[in-house]
Amino acid sequence: MYQRSLFRGVAQGLKRSSVRFQSTSSGSSNGNFFLRHWKLLSVIGSFTAGVAIYDMSDVRSFIHGRIEMPLFHAFTTPEFSHRVAILAASWGITPKDRVADDPSLAVEVWGKKFCNPIGLAAGFDKQADAISGLLNFGFSYLEIGSVTPKPQPGNPKPRYFRLKPDLSVINRYGFNSIGHDAILAKIQKRVRKYIAKTSPQLLKQFDANPASCTDPAVLGVPRSLIPNKFLGINLGKNKNGNEIEDYVEGVRTFGNFADILVINVSSPNTPGLRNLQKKSALSTLLTAVVSERNKLNSPHPPVLVKIAPDLNEEELTDIADVLKKCKIDGVIVGNTTVQRPKTLKSTSHVEETGGLSGPPLKPIALNTLRTLRKHLSSDIPIIGCGGISSGKDAIEYARAGATMVQVYTALGYDGPVIAHKIKQEILAELKGKRWVDIIGKEE
């Protein structure tokens with residue numbers, strides 16, 4: 001409908017221009033055509049350029065999905081195209097979802113009202129470069145990171161591989177991060193700019209103590225700085241860092257600037273990291289994390305834990321016990337998988353070391369989510385993540401017990417329209433129901 005109305009407007013405008021053109025061009029010679037009609041041609045050119053620019057500023061434009069994405073996939077490496085996308089979003093030249101979210105998509109959790117249940121998982125905006133640009137794609141929740149205390153380059157390149165027949169990727173980035181200080185500086189600069197525009201009387205207070213001005217009640221918006229949209233900060237550890245202190249330092253550094261904190265103990269690309277999912281180690285870590293979180297200025301951000309999809313039922317039962325004991329606010333299921341399902345069609349890159357994401361991950365992550373939901377206290381929400389690229393996928397996660405969902409790989413294949421597409425497909429599947437009505441309601 002959007003494309004039809006847009007091109008109908010173009011056609012009508014050109015028709016009117018054509019009438020004027022015909023009335024003034026009769027008898028003119030080819031030699032002085034442009035001189036005689038430069039004003040008319042300028043109007044037509046400006047009009048056409050304006051329409052094209054407006055069209056490209058909307059995530060629904062066919063240009064993004066039908067032209068840009070295939071070109072990127074054909075002529076660039078995955079990591080290069082990822083970097084270009086982040087740069088474009090950071091410069092504010094990426095499109096926006098211009099359709100208001102239907103109220104039936106809203107979900108309230110941790111005392112926060114999300115305008116829709118679709119988030120963008122950590123790993124896309126690792127260095128907090130493009131918070132506003134990515135949220136403008138139509139997501140209600142963005143996780144930056146994973147962020148490590150000290151800068152580290154991650155694993156050597158190449159470390160990101162497309163499995164095109166499976167619409168999947170394998171990555172072994174290895175927590176490449178510019179470190180706490182650099183990322184905190186970016187976030188504080190963004191908040192200061194917002195305060196200067198909306199509440200300049202707070203600038204002196206902010207400059208003296210930035211953390212004192214980040215209460216959403218003071219800002220008037222969440223810490224994402226966008227109404228009904230939220231900023232998560234995903235915390236990791238350095239390759240040779242301290243298993244407890246790295247996360248505690250992350251809570252201390254970012255707790256007053258995040259709507260949500262996520263403890264990532266599940267990346268397969270940092271040696272030994274997944275050992276932190278074991279009952280004793282996880283309990284020790286989360287006890288320290290929650291204690292540090294409780295020292296922050298109020299309101300305290302909820303603490304979530306991101307776990308792997310490769311855990312067995314005994315391990316998931318242990319994790320459920322720890323989450324309840326440590327009073328953790330939520331859990332994300334899950335990260336990438338080290339498994340290589342037999343359903344994979346790709347022949348190249350399949351044996352690369354790293355975590356697999358995309359549609360082949362979905363049945364693995366869904367099974368993990370269902371198993372955890374059986375053992376997890378009902379008051380601890382789950383965010384589902386893994387292979388989600390359609391409204392049907394999202395609804396399958398919701399019925400399995402996910403309060404919200406996240407996408408990652410689908411953004412790289414479908415482009416900026418993905419959040420809009422999933423939301424519209426959810427609405428079609430809901431058939432008048434609300435998202436919250438189907439959570440945990442298996443058919």
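Each Cβ is built from the backbone N, Cα and C atoms, and glycine gets one as well.
Per Swiss-Prot, the residue annotated phosphoserine among S168, S283, S291, S390 is S168. Among K113, K126, K374, K392, only K126 appears in Swiss-Prot as part of the substrate site alongside N171, R172, Y173, G174, F175, N264, V265, S266, S267, P268, N269, N335, T336.
The annotation in Swiss-Prot ties A122, G123, F124, D125, K126, N234, N264, K306, G358, G387, Y408, T409 to FMN, and of the candidates under consideration, S90, S146, S199, S212, the one tied to the same site is S146. S266 (substrate binding site) has its Cα within 10 Å of the Cα of these binding-site residues: K306, taken from A122, F124, K126, K306, T409. Under the DSSP three-state reduction, N335 (substrate binding site) is assigned to coil, being neither helix nor strand.
Cα to Cα, S168 (phosphoserine) and P268 (substrate binding site) are separated by 17 Å.
Straight-line distance linking the Cα atoms of A122 (FMN binding site) and G174 (substrate binding site), rounded to a whole number, equals 13 Å. There are 26 other CB atoms within 10 A of the CB of S168 (phosphoserine), with all protein chains counted. Measuring Cα to Cα from G174 (substrate binding site), the recorded positions that fall within 10 Å are S267, out of F124, K126, N234, S267, K306, T409.
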